[in-house]
Structure formats: structure tokens, C-alpha cells
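Reading through the C-alpha cells given below for one structure.
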Amino acid sequence: MLPTSLIAHPDHAVVWHDNQLYLLDQRELPHTITFIMCNSGAAVATAIRDMVVRGAPAIGVAVAYAVVLAARERLLNTTNDWREHLNEDFALLAAARPTAVNLFWALKRMREFIATLDHVDPLPALLAEAQRIHAEDIAANQTLGALGAALIDTPTAIITHCNAGALATGGYGTALGVVRSAFAAGNIRCVYADETRPWLQGSRLTAWELHESGIPVTVQADVAAASLMARGDVGWVIVGADRIAANGDVCNKIGTYGLAILARHHGVKFMVAAPLSTVDLDTPNGAAIPIEERAADEVLCCGGQRVAPAGVAARNPVFDVTPAALVDYIVTECGVIAQPDAAKLHALYQTAPIAMD
Ligand SMILES: CSC[C@@H](O)[C@@H](O)C(=O)COP(=O)(O)O
């Protein structure tokens, strides 16, 4: 029988169990529950690149554990100069995906932690640091979930895009953390989950996660959001983020920018929920954020079948940037910013309990 840490549950996207890392294979959801065991840094890098684990904070947590696995390998094979050899693993992990800043944030934090280690056996301390990153992410999501929910003062329907839930984080979720808290307060009538072409994070993952949690969810085609808003049925758009630039521009799953424009046109509030580890003060604005382009086949095919004529090309940028001017609220574990700008984000950063830069 699987240990309880390895049963199908949205909170179990990233599980450390019996000295190995297990990743719930999100490519197979909702049909099949499979955990992929990773016992090296390289295996985790491949799993991130191939979308076994995805979502900015979940990638950050997975990378922290990947450093533990990589250090274990290096210590077994090299002993004295393990830190030097570990640089190769850092480079491999950094190349896995370019946009979610939590990946680089977690690598930096693990690298800085390693520099402080003088233990004969550094592995227990390294594992404890990775577990701290994991636990802090869950706690941040619970706090920001409550802060975001407090903004929703009347029962309403909301639209979310992609999956910014437990599956995309250490647990509980960011946008879906707000939804969970608001639902508990009686203020969520229904969640409309954009299906999120081409990878279908909305229909496969968000719908599974909310359904498992007993929160009413309705899947809609991405292009249906405008007419839903026009009917006046929606109070909020609530999304996560892969990177928030210093001026408050928000990078998230492709399609988010369009939703923000629609929301402003229809008087629907637009909320971005993310931990401070997603805020990147080193990136001045959205134009400076590297946007991942994935394989054209992800667009050209659907359900394993080609849906465009042979010989036709496709573009597949998987993120877009919503200008800060279209964002009503950024909700973090350290507080809420209305109408975000550079000064407000800098001020929020100063209140962080630990140095985040
Ligand atoms: C809490 S997750 C926020 C974002 O990471 C999420 O909205 C998103 O865009 C994920 O993209 P993905 O390509 O599935 O990794």
C-alpha cells in the first residue's frame, strides 16, 4: 500500500519520502495517478522541463529538493570538492525552464545556505533547508489566501486561468488558496476554470483539484470569458504569477493578459495572488522577463491528434505579461497592494520577515 504521503491529493505535487523525491506526474492528470521517483538533480531538471511538475512555487520547491539529491550524488562520488561539482547541477537546474523566478530564487537560497555549511555531513542540514522552503511556501499560501479572500466581501463567481492551486505550489495554492479561503467564508458561488490551451492546466488540473476539494467548478473554453463577463455573472478574475517585475507587471500563463483587458472593460476586479518568492525586484519591468517558447506540437496537436494541416507552423509562447496598470490587487503573504507600482512593491519587500533579495 502507498504511504499516505503518496496518495492522490492536490497537496502532494512534491513529496519527500524515504530519502527520495516523488513528483505527482501532472501530465497524466486527471486520468492517471502516477508518482515519478527522482533520485538525482538531473532527473528533477528533466521532470521540470517535461512538465511532470509545473507551476512557479512547485518548481521552486522541487528545485530545493533537487539540490539535496545532487549534493548526495556528488558526496558519494567526489567527497572533497563536492561543492565545485555541484555547480554543474545548479547550471542544469537553472536551464530547466526560464520564466518562473521561483526556480532561480530557490537555487540562490540553497547556494547561499551551502556557503554557510561546515558540517562533516551536510546532507541533513541541506534537507532541512529544502523542507523549510517547502513549509514556508505552504504557510505563505495560507496567509495570502486569507488576505485575498478578505477582499471578496460578497458571494460571487470568479474566473481563474491555468492552475495556481496546490498542484502548482508546495500546497494549498495561491489563486486557488484565495478561492479555498473565500469558499470557506461562503463567498464563492462558482469557479469558472479557463481550459488553458494548449496544455489544459485549467480543465485537467484546476478542475480536478477543485472538484476533489468540493468547490463548485465549471470548465469553459478560454474564448468564453468575454461573454461570461458581459452577462455580469463574474465578480473577480483571480490568477497566480510566474514572475512579478519590480514595477508590478505580472507574467503568468499565456491568456492572462487578455483576461485582464476583458476584466477592466467589464468592471471585473483583477487579483494576482503570489508569494514574495515570485516577486523579482532585479527585473525592472515585464519586457525584461524571459518568455518561454515551447514546442509547436503542443499547439498543433490536441489529444494526440494533429489539429492543423501538415506543413503549417505554430507559435507557442507559454506566458504573457499583464501591465501593472491592469492589475487591481497583488496579494502576497506580507500584505496586499492595490494598484501596484514600483514604490509599493519595494515598500512591501521591506516588510518581509526574511531578507528576500
Ligand atoms: C501558483 S502557480 C502560478 C503560475 O505558475 C501558473 O499560473 C502558471 O502559469 C503555470 O504555468 P506552467 O506552464 O503550468 O508551469
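Using N, Cα and C of the backbone, Cβ positions are placed for all residues, glycine too.
Sequence annotations record features per position, and here TrEMBL assigns substrate binding site to ARG54, GLY55, ALA56, ARG97, GLN201, ASN252, LYS253. The DSSP secondary structure for ARG54 (substrate binding site) is coil. Its Cβ placed at the centre, ARG54 (substrate binding site) has 26 other Cβ atoms within 10 Å.
Other C-beta atoms found within 10 angstroms of the C-beta of CYS162 (site 'Transition state stabilizer') number 29, with every protein chain shown included. In this structure, CYS162 (site 'Transition state stabilizer') belongs to neither helix nor strand by DSSP; it is coil. Residues annotated as site 'Transition state stabilizer' in TrEMBL: CYS162.
Taken from TrEMBL, the feature active site, proton donor applies to ASP242. Within the same chain, residues at least 6 positions away in sequence whose Cβ sits under 8 Å from that of ASP242 (active site, proton donor) are ALA56, THR99, ALA100, VAL101, ASN102, CYS251, ASN252, LYS253, THR278, PHE319.
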Under a three-state DSSP reduction, the secondary structure at GLN201 (substrate binding site) is helix
Compute the mean position of the Cβ atoms of ARG54, GLY55, ALA56, ARG97, GLN201, ASN252, LYS253, which form the recorded substrate site, and then list in sequence order the other residues of that chain whose Cβ is within 8 Å of it.
-> ILE59, ALA100, CYS162, ASN163, ALA164, ALA168, GLY240, ASP242, VAL318, PHE319
Have a look around GLY55 (substrate binding site) and count the other CB atoms within 10 A of its CB, chains all included.
-> 31
Mind checking which of ARG97, LYS253 has the fewest other CB atoms within 10 A of its CB? They're the binding-site residues.
-> ARG97
Between CYS162 (site 'Transition state stabilizer') and GLY55 (substrate binding site), what is the CA-CA distance rounded to a whole number of Å?
-> 9
Counting every protein chain present, what is the number of Cβ atoms, excluding its own, within 10 Å of the Cβ of GLN201 (substrate binding site)?
-> 27
Assigned conformation of ARG97 (substrate binding site) - DSSP reduced to three states | coil
